[in-house]
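According to TrEMBL:
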TRANSMEM  125-145  transmembrane segment
TRANSMEM  157-175  transmembrane segment
TRANSMEM  235-259  transmembrane segment
TRANSMEM  266-287  transmembrane segment
TRANSMEM  293-314  transmembrane segment
TRANSMEM  326-348  transmembrane segment
TRANSMEM  354-376  transmembrane segment
TRANSMEM  420-439  transmembrane segment
TRANSMEM  474-494  transmembrane segment
TRANSMEM  561-581  transmembrane segment
Amino acid sequence: MTLFYTLSSSTRNIISPETHVLHNSHFYLPRNRSSFFSNETTLFKRETLPFKPQQQQQTGSFPPILRLNNSKLAHPFASISSYAESGGEEEKNEGVQIEEHQETVKKKENDSPGMAQAFDISSRTASAISILIAFAALSLPLFMKTLGQGLDLKTKFLSYVTLLFGFYMAWNIGANDVANAMGTSVGSGALTIRQAVLTAAVLEFSGALLMGTHVTGTMQKGILVANVFQGKDTLLFAGLLSSLAAAGTWLQVASYYGWPVSTTHCIVGSMVGFGLVYGGPGAVFWSSLARVISSWVISPLMGAMVSFLVYKFIRRFVYSAPNPGLAAAAAAPIAVFLGVTGISFAAFPLSKVFPVALAQALASGAVGAFLVYRIIRKQLGHLLVKASSSQPEPKENAIHSKNIGLLSDFAGPKGTQLEIVYGVFGYMQILSACFMSFAHGGNDVSNAIGPLAAALSILHGGASGTEIVIPMDVLAWGGFGIVAGLMMWGYRVIATIGKKITELTPTRGFAAEFAAASVVLVASKLGLPISATHTLVGAVMGVGFARGLNSVRAETVREIVVSWAVTIPVGAIFAVLYTWILTKLLSYIL
């Protein structure tokens, strides 16, 4: 959800930690991806980077979708094996070299904590990156136009502090919320953590800079009655900064433990606490708060139901087809066209004239479908030719497949067919993740920039109007904060969504991602209270339930639900505490 501010008064499979080699393939497959997520800081290693050339062992860090050349590249799912989908027996390992590789990886995991382990870099490099980000966060505000408008020293100092508060909130948005777009892609093996972070960093910043709203207000629309704070600029300024600090604090705690929580709910809880204590019960729109709380139930339930059905449809109409690989390749452009068109129409700033906006959305969908079609043909063409020229299934199997129901359980494809299916859905996942990441940067940057711009407006004497224009450098500042948080701590929540709830493969990851995006888009158009974070978590759970109740890790789900329940009250408590501290400090400064 995007915040607007206004002054108006209205474990089914036990997987061994070893790797194996596909007999007819040109890349090795680590058998167990769960070792990469053994804790919140254990993620993909360099040895698992996808898209390796047939006869080379080189690695790369660029998103595979950007690395299209004339060499035949394997599709990016080097961590998938057929038993993960079909429940088949595990294949035995091959070669002593693989065991030595696993020992090397395990030693690396023990020696390289945190961000160093996540990106497979040295601890010294990780520390250098963190220091550079901290230095940039402290120094860049000094060169922004916001501090160079002929202001007195006291106002400049407060503006500088305000920008740091906004950066802190944006940093935590990047650390927690970006997992909505990239978590399932990493969990399924479609992207490594390094590729996901680099891709999301570019797209999140671009979305914040190009799509971020340039007009906002000073208070959360529908949460606080702004008339209560008329003429109390100092208190309002302290409340806005406190809301940023309180929401950021809880987001940081949640990110540390890998809990995916809603950034919007954090801001809402912080503002409710501030308004209730300093404005009284009449300062809060309680009906709006009830709608937000109801989304804790509505969002995950809708996400789980839709992802359950999407995954079952994939298994029924793709897996049971006579040629699953060709069926997946044929369905991919259609699914991408529908998904990109819907996201474009709902999330992108298209024309206000409906026919023109619809044409723009359809054009975006057509471009996405064509892109996926070309990628699939280029990267998987040799496998498609092999699959189409292979012997057809025995007649009895074909007849049996006609009697399969939507909820029936059956073995999935294997060998070349499985490679094609995972390749197709993996590319679809990458495209949808990039699209959602770009949209997220434009939408959720307002959670940090809205209160920040409002507080700056109060300092500069422009809070009397109902709308505030956000400068471009402030939007870029928010985008930089999101990218910084994503790079330093984003891997923690990505690990939870991608691996700790249930085992994900490209088909499961796509089902969860497609379902979450569909539910959020439809619900936002219908005006239903919805949370993108809660919806995605529910969608991942739904995919797990489609494989059986035991496929969802109850302990992880319990921790996530508890973190949702305490988000608003904890945010409120922090906001009250920070407001009390800030009002005391401001009384000495102003």
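Placed from the backbone N, Cα and C atoms, the Cβ positions cover glycine too.
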If you count every Cβ pair below 8 Å, which range out of 266-287, 293-314, 326-348, 474-494, 561-581 shares the most with the transmembrane segment (157-175)?
474-494
Highest-contact recorded stretch vs the transmembrane segment (125-145), from 293-314, 474-494, 561-581, CB pairs under 8 Å:
474-494
For the transmembrane segment (561-581) and the transmembrane segment (235-259), does the number of C-beta pairs under 8 Å, pairs 6 or more apart in sequence, reach 3 or more?
yes
When you scan the chain for residues with a C-beta under 8 Å from the transmembrane segment (235-259), skipping those not six or more beyond its ends, what do you find?
40, 161-162, 165-166, 168-169, 171-173, 175-176, 218, 229, 266-267, 269-271, 273-275, 278, 447-448, 451-452, 454-455, 458-459, 463, 485, 489, 492-493, 495-496, 500, 559-560, 563, 567, 570-579, 582-583, 586
Taking the transmembrane segment (420-439) as the first stretch and the transmembrane segment (266-287) as the second, find out whether 3 or more Cβ pairs fall under 8 Å, excluding pairs closer than 6 in sequence.
no
Distant-in-sequence neighbours of the transmembrane segment (474-494), which means Cβ under 8 A and at least six residues beyond its ends:
40-41, 43, 115, 118-119, 129-130, 133, 136-137, 140-141, 144, 146, 163, 166-176, 178-179, 182-183, 186-187, 193, 196-197, 200-201, 204-209, 212, 214, 254-260, 441, 444-445, 448-449, 452-453, 456
